[in-house]
Structure formats: C-alpha cells, structure tokens
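Worksheet: the structure to be examined is printed underneath.
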Amino acid sequence: MSLAHMLLLTVAWPLAMAALVAGTLAWRHGRALIEQRSSGRYVVPPGIAGDWPYRWRVALWASAPLPALGVALALPEASLTLDWWLLGGEWRLDGTRRALLGFTALLWALAGGYAHGYLGGKARRARHGDPDAERDLQAFVLLWPLTLAGNLMLIVAEDIASFYTGFAIMTFAAYGLVVNAGSREAYRGGRAYLIMAILGEGMILAGLLWAAASAETLTLTGLREGLAVAPQANAMAALLWLGFGVKAGVIGLHVWLPLAHPVAPTPASAVLSGAMIKAGLLGWWQTLPLGLTALTGLGRVMMIAGLIAAFGAALYGVTQRHPKAVLAYSSVSQMGMMTTLVGLALIAPSLWPMLAPALVLFAVHHGLNKGALFLGVGITEHPPRLPGWLLWLLLALPALSLAGGLASGLMAKWVLKAGLYDAGWSWLVTLLTWAALGTSLLMARTLWCQAHAWREARRHGAAPAPLSMTLAWALCALLAAAVPWWLTLPEAPAGAVQATDLPPWGELPGLLWPVMLGAVVTAALVVACHLEPRLHTRISRAERLPPGDLWPLYVHLASSLSGPLRRGVARLSNAQETAQDLAAGCGRHAMAWLMALQRWEAWLRRWAVPLMVGLVGVLWLALAG
Amino acid sequence: MNDNPGLLLVTLAASLLVAPLIFLLPERAWLARTTLNLGAALLKLGLVTLMVAGLARGDSYAFGFTVVEGVSFQLRADPLGIMFAGLSSLLWLFTTLYAIGYLEGSPNRKRFFGFFSLCVASTLGIALAGNLFTFMLFYELLTLSTYPLVVHRGTPKALAAGATYLRYTVSGGVLLLIAVVALHVLAGEVNFGQREVLADLGPEHHAWLIGIFVLLMLGLGVKAALVPLHGWLPQAMVAPAPVSALLHAVAVVKAGAFGIVRVVYDVYGIALSYELGLLTGLAIAASFTILYGSLRALAQVDIKRRLAFSTVSQVSYIMLGISLFGPMGTIAGLAHLLHQGLMKVTLFFCAGNYAEELGIHRIDELDGVGRRMPGTSLAFTLGALGMIGIPPLVGFLSKWYLGMGAIQAGMSWVIAVLVASSLLNAAYFLPILYRLWFKPGPLEGVGTWPEERRLGRLETSAWLLWPALATAAFSLLAGVFAGLPFSPLSWASLIATQEYLP
C-alpha cells in the first residue's frame, strides 16, 4: 500500500457503499422470502428504512465522497498503475484533476448531506410502510454512490478505458436519479436524458476508438498527442466534441438539460448540473489536442456554437417558470462560454497555458455556485427558520457570484478578461461580457421565481427544511463564493493573473456593469409590471414556452425517419422468409415426386409378370414375323 | 516430445461415455443421473484446466490414427482449441445445473440429458479436432444430437422448428462435405496449423481456393447464423431454455463460428486469406449480419426471439474480428467467442427464469419484475449492458479491440458499424431494463403475472437462480480483471501473439 493507493480508495469507497446498500437489500429480501415461505404468496419484503441504526447508516452512506475530498486536499501529486484492471489502469492526480476532484467531492458531500434532509419525509413514510416511498428511497440510496463512483473515476483516470468506464457508469446510474420521483414528467425527462446520453456515448466511443487506434495508445495523454498529428484530426475531434458535448450541453444537444434537471430530486439536480456536466468539459480537456496544435475549423465551429448557447440559452431561459429550468438554461449558457474558450484554445494553441487555469477556475466556480443555487430551490420551497435577510443573502450570494458580481465569479471573470485582453481577443471579451448580462438576467429570474415559491410556501405553511438541508446549502453557498482561496488550483504562468489576485479598483466598473445593468433592467421590469398590468400579461404569455425547446422537433424527426427504416427491414425479412418457404416448397415437391415414383414402382410390381409376358409375346411376334 | 494422448481421450470420454450411461439409467433415477451429469461436468472442467496449465507450461497433447490412406482422425489440444473447450466445459457445468432445475418434474428427462451430454461431447470434439475431417465428424454429430433437444417438447411448433433446423444444417453439412473433399483433392490432407500447404499452391489454384473458401463459409455460416443463412435460429427458440442457452452460447452457433476461425487461421492462414481478398468479403457479410440482426431484434416482442436475433448479430462480431487483418482483430474475434458465450448464456438463463417462475414470455409482461426477481433481473441487466458494450463488462473489451483492429486493418468504416450496432443494442435492451426496474408491475398493483409459481425458497428455484448469477458475475469479472493472466482477453492475446502472427 502506497499513498497512491488512496486514489483507488476514492473510487472504491463509494462503490463499497453501493455494494453495502445492495447487499443489505438482498439480505433483507432473501430473509423475508424465507419467512414468507409458509404463506405461499409473494409479498414485497420490507426494505432498508427500518434496519440497523438509522443514523449510523446515513453517516456511513454520506461518507462516500469523503476519501476523494481528503485526497484532493491532502495527497501530493500521485499516479497509480493497475495492471489487472480492464486494459491496464492508470490513475493520476495532477493540478487540474485535483481541482476538479476537490470541488466534485465537496459538492457530492454537501448534496449528500442535503439529500438526508430532503428525503427525510420519504424515509419516514417508508418506515411506516409506504411501498412507493420505500421504492424511490431504495433506488436513490443505491444509485447515488454508484453515480458518484463513476464521476470520481473519470476524473482520476488517465487510461482511456477507465475514463470511459467512469463516464458510462455515471451516465447510466444517473438515469435512476433523474426519474426517481416516478412522475410522468420525470420519465419524460429521463427519456430525453437517456436517449441523448446514448447518442453521446456512441459518438464518444467512435471518437475514442478511432483516435486511440490511430495513435496506438491506451492513455489520454497519448490520445491527445496522437490527435495533434493525426491526418483526420478534425473529424475525430469533432466526434469527441459532440459526444462529450451532450453532457456539457452544447447547443442542439442540450435539450435534455432543461427537461431532466427540473424533474430530478433537488440534490440530484445539483450534482447533475454542478459536477456531472463538468465531465463533458473534462472529456474535451482530456481528449482534444488543446495547446498542442491548432484545429482552426473545429475551433471556429465550437466558438460559434458556444456563443449561440451563451446568448440563446439566456434568452430562452428567462421565459421559464420553474426555477430549476431557468438554472438548467443558465448551465447551458455558462457551458456555452466554456465551449467558446475551448474553441479559442483550438484556434490559438499558444493561449492554452493562460486559458487552462482560468478555465479550471471558471468550471469549479460554476460547478459549486450552480450546486448552491439548485440546493437553494429546495430551501425556498421549505423555508427554514432563518431571519429573512440572512436567507435571501445566502440565496443571492451564489446568484451574484455566478453573474460575476463578486467573490469567485468576479475572480474568474477577471482572470479571463485580463488574459484575453493581453492576447488581443478584446472582441471576445466584449461578447462574453454581454453574455454575462444574460447570466445576470437569468439569475434575477431565478431569484424572482424563488421569491414566488417562497411566498407560496409561507402562505401554505410548508414544513421548514431540516437542519441538514439548511446547513448543507449554506455551506455550499459560502464555500462556493470562497473557492479560489481554499482549493488549490493549477497555477497560471508567471506574469499572468493568478486566481487569488484581486482585480484593481480601476477595473471594477468594466467587470461589474453587466450585473449592474441586469439589476437595473430587472428592477425596471418589476416596477413597470406593477404600474402597467397589461405588460405583466404580455410577459406571462412568453412564459408559455416549454422547457426542452427543440426536443419535440427531434422526436418528430426521429419518428418520421424510423418508419421507412422499419419498412425496409420488414421487406428484407419477408424476402428471407419467402426464400425459406420456397425452399421448403421445393422440398415438398421433390417429396411428392418421390412418392409418385413409389406408386409407379408398386404399379410396376403388380403388373410386372403380365408386362414381362406381354413384352416377351411382343418380341416373339416381332421375331417370328 | 510427449504427446499425452491419455488426458485428451479421457477428457473427450468424460462427456462422450456419460451419454450411454444416462440412456441406461431408468427415468426415475434422478439422483444417479444428476450425480453422473455433474460429476462428468466437473471432471471435464478439471481436465481442461489441467490442459490449460499444461499448455502454459509448454506441454502438448495430441492423438491420431489413420482411417484410410490419406485421411486420418486427429485430436490435438492447441491454445485455440483449448480456449473453446474451456468455454464449453465451464458453461456446460452451469447449463447442466440449470437444466436440472428447469426440467424438474417434466417427462423425458433421460432422453434430454443423454442427448445433452452427446451434444457437449461433440462440442468438445470440435474444439479438439486436429484436421477438417475430424472437425466435420463432430460437427455432424452435433447437428444430429441437437435435433432431439430442439424438438424436446414434442409440440407441432417444436417439430416444425426441428424440421427447419435439420433442413438448414444438413444442407450446410453437405456443402461443408463437398468443400472438404474438394480441398482434399486439391491439396491432400491438411492438418490444422499446416498453413504452408495451401500457401505453397501456385497462383493457378487460387480460383479453386476462393471457391472452396466460399463453400466452406456457406457450410459453416449456417450454424454461425450468417444472414441469410440464419433462418433456423429464431425458430429454434421453442426449445427449452437450457437448450437455447447451450445453442447460442456454446454449442451450435459457436461451433459454426469456431469452424470459420479454424478455416481462416489454421487451414488457409490469415496471410493467404488476406492475399486472396477473402477477408473483405467476410467483413462485409459479418457487418451486414450485425446490423440486420440488431434491426430485426428491435421489432421482436418475444423475449427469446429478441435474444435470438441478438445472437445473430453478436456472433458475427467474431467473424468481423477475424476478418480484420492484424493482431488486434484476432484478439477481438477470439475474445468475443468467450465473451459472447458468457453474456448470452446469462441472458437465456434469465429468460428461462422469467418463463418458469412467472410464466413471462413477452417483453411487455416484464413490467416491475425487478422487484419480484431482483437476482435474475440483476443478472439480466449485467448481460444486457455487456451486450451494449458498457464497460467494465466484457462486451466493451470486444468492442474496443474490434475498433482497434479495424483501424489497424485500414477499415475505419467498421467503427461506424460498431457504433450503430451499439446504439441498436441499447435500443432493444434498455427498454427491457426500463420495464424490469422502473415500471410499476403486479407488486405495485398493476396487472398480474401470467402464471406465477413459487419454485423455491428464494425468488425462484436455487438451481435456476445461481447459474444465472454465476455467469453474470463471470461476465463482469472477466471484464474488470481482464488484465490478469488466464482471463479470456489475456488468453486470446496469447493465441494471437504466439500462434497466428506471421
């Protein structure tokens, strides 16, 4: 056992938790079955909600991401080789991975604590024998650590097979989390999620196989380096971009986000939108030849797609009524900005040393803040007993931060802006700044929806959120705002702005105007709506735009394409069956012919003697004559 | 050089001699028959393991005698044969266990287990055959010994399926016979591994060689279910579940695929096959079969029929692998021979469990079964995810090596086939998993089971449950621990690097 084996523990521990849950379920199931044997009827056995001491179980279960958090905070750079694993495992902890691992583990840990409170009601109902609650709970408790294990594995993986394994485990296990509520909307969202995810997996597989085989490598580093010199690099990279783009919400492939995020249980939405979406970004990071070579064509397409997402999702998102849908569109918009930056790195590889740490900061900051915002949605639905100002301060903190107004958001924006200005990409800075205005509006919209939910909850006297929920959310909001100061991020090259360098006073107006303008526009709208009710009705007409924008169109396209395909296959199978019948028919004909031959033979046997005599007679006559 | 014929003959006898013994036992002698069956299966597994260890040490095993001048009976254990023998012994053990539970209380068990043993003995013979003549003997024996298993139930439907089966396989056998005779005329006796014999024939014989190759492929392709020769396979689904499991995972379909492997690697040699341009044709046929089988599987509503079309598609991965010129493709094809067996046997066990315990035959009756039969459903889930190619299950490894092989052979279009097939696999397996785990079923008060029986203390009879779980665990562990020596992948790599690389 070396220190590097701690890396194995980061993945093995959540897997062990999943196995423990599965084992507990199986054990209880088997025991109950044997007890029921005499009755002869099959009854669902009681599940996990009444087993060994509840608190201990929850504590153990919630500890799943803690080894990963410890590793990210304390372990020095390490790498681990696992010869027995798949095609030969190679896991690593370096600067980028540390940052991603740390924030992912933290978000999962906090969301896990939050889930304890969030599902408390369900657990109570399950203890009192509600089978539906028991069912949902079992699925959640089992799939949560499994999804986590996949998410952590793909971060620490350096070999392609582990990376793809982690990605696949995470993707498929998360389906169970998305549909956990069991409603029709949940299954619709889950369906969109799964179909898009499978399409993505297909493209990833194609891209990985193609690139890895061309480079004859098993590691991600080898893949990147191979891609940098491959003749068909643009096509391979495009496959990988689109494949991972499903997870990262590239425009056009993003349709599952606004459908799946609102229906998932809130802690699951938080990790989906905060941590798992970053798996797509990490996928690009690990497979595209960033900083190694220029793929100008793809880079341009990525940049344009990213900018369309950054603006389009913001525009569409502000029309949404469900705060989680607004947040999902905000994720699409934010990921669009990151897509633009990755595209930029493909156009100008020399910028990568500056962009990489900035992008990590951006990703980590967005992940944690988005997580805090999602967790906050549950808080406003069940307002805890906190003073109103504190509650709204904590709700507004991640929103302002995400809009780039203060704390981590301000830092991320400053690092990027300074770097891009120095490199002469000022038009991009302008565009991104305008996109930040969109983010501000989205955040205002989120808070507005939350205020609405909060008033409703108070009017109906909703039960206050349990302590674990409130605590996890508050901690998430605070740690998210302070992320540059507690998480070791990869260092920017000397001379560039570091993640912890505060922007000088003179830069502040340039950085803060989108937030200010957003706030002013929102305030103006609110006032105008109050003064002019017709404006309010006109605005609420826009609110009818459904989440998932392009999804119905895709469904329609797919169904109109599948018809001809099905007919074609039916025709082929008919042809094959006809041939088979024809062969069988020929066989029958041949058989009938043989039977006829047999009848002839019998006839011959019966008439053999007279025939012979006749023949002899004829011959004799002929000879005699 | 020590030939060790003893071990080889004892291994073959272990299953071949069990058959007459079982026929001699009375129908009611359950215990004796079970002991005999399991004893033989365990013995065989042990002997094959011994041979694996021996081969790894460098021992050799061979046996042979001359039948008539120029035609000899040859048995030989080479790494490729032993791999197939290992698969068949391992899965025979589980299938026997399963069959014992499955047929409990049904009539004609003596006949069933007798022919069952004969069928496995012929599979072993196929694995250990040292030349085409010996191979063909066991290949035909397999055809004949499987027929009583397919028609075991004796219903008109089963008899019709049996007739179709015979029509296809016997015609295939005739083609095979013609091809083998033609090859004899052309080149004399060719033992497996004597690749130089055909390679040394001058270019004037190449037209003949191509013709014979096509005939061989047609003859073997019937059992390997290459489209359009696959018509018998979906119909043979009326057979009892353990027979389907055996048919699809080890015996018939695999015998065809194994035969093709032998012809390409050991008779023609991969270099000659490549030179004659035969591999491209095989790759195209295999790719078409893969896509066509998957598309047909989509439209099936019967569980076993869907699995059957899935077999049509998946077995062609083996052919696709060997048709990719290069070590990676070889590894893919050989490893998939084992991988597909593990996964498919699991799926058929599970389908049988659903039918036996709950009377479920159709996919739309599977709603909510995951609550009622979690163990079986978990096994099914693992098998299905493996088929789609989700890591860390074994199916992923096959796909990975196929992709590598495709690029190595300069046929990048194969990757498109692979991805399309993965998507189609997902499209026909995931809805089943969705029904199993996420749809409310009779336990939630929606509908009823078609015909529920309580077969055992657990969710179903232990004879049925544990084999399914064991093979599912194997298909997971063979993926996770693929890097260990003696894993299917390592063994396939060993064969590819030691035996087949020019």
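Heads up, the Cβ atoms here are built off N, Cα and C, so glycines get one too.
Automated prediction, rather than curation, is the source of TrEMBL annotations.
As given in TrEMBL:
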DOMAIN    A:157-382  domain 'NADH:quinone oxidoreductase/Mrp antiporter transmembrane'
TRANSMEM  A:99-119  transmembrane segment
TRANSMEM  A:139-157  transmembrane segment
TRANSMEM  A:163-181  transmembrane segment
TRANSMEM  A:193-213  transmembrane segment
TRANSMEM  A:233-256  transmembrane segment
TRANSMEM  A:268-285  transmembrane segment
TRANSMEM  A:297-319  transmembrane segment
TRANSMEM  A:326-348  transmembrane segment
TRANSMEM  A:354-377  transmembrane segment
TRANSMEM  A:424-444  transmembrane segment
TRANSMEM  A:465-487  transmembrane segment
TRANSMEM  A:511-531  transmembrane segment
Contact yes or no, the transmembrane segment (A:465-487) and the transmembrane segment (A:297-319), 3+ Cβ pairs under 8 Å, gap 6+: no
Residue numbers, six or more beyond the limits of the transmembrane segment (A:424-444), whose CB comes under 8 Å of its CB atoms: 307, 310-311, 313-315, 317-318, 326-327, 329-330, 333-334, 336-337, 340, 344, 351, 399-400, 402-405, 413, 416-417, 510, 513-515, 517-519, 521-522
Long-range Cβ neighbours of the transmembrane segment (A:268-285) (under 8 Å; 6 or more residues past either end): 96, 100, 103-104, 107-108, 111, 114-115, 140, 144, 147-148, 151, 154-155, 163, 167, 170, 174, 177-178, 180, 204, 240-241, 243-249, 257, 260-262, 324, 327-328, 331, 335, 338, 342, 359, 363, 366-368, 370-372, 374-375, 377, 476
Dominant neighbour of the transmembrane segment (A:99-119) in A:193-213, A:326-348, A:354-377, by Cβ pairs under 8 Å: A:354-377
For the transmembrane segment (A:193-213), distant same-chain residues with Cβ under 8 A (at least six beyond the ends): 160, 164, 167-168, 171-172, 174-175, 178, 222-223, 226-227, 230, 232, 235-237, 239-240, 242-247, 253, 255-256, 259-260, 283, 287
Cβ contacts the transmembrane segment (A:326-348)/the transmembrane segment (A:233-256), at least three under 8 Å, sequence gap 6 or more: yes
Cβ contacts under 8 Å made by the transmembrane segment (A:233-256) with residues that lie 6+ beyond its boundaries: 167, 171, 189, 192-193, 195-197, 199-208, 210-211, 214, 227, 276-281, 283-284, 287-289, 293, 295, 297-298, 301-302, 305-306, 308-309, 312-313, 331-332, 335-336, 338-339, 346, 548-551, 554
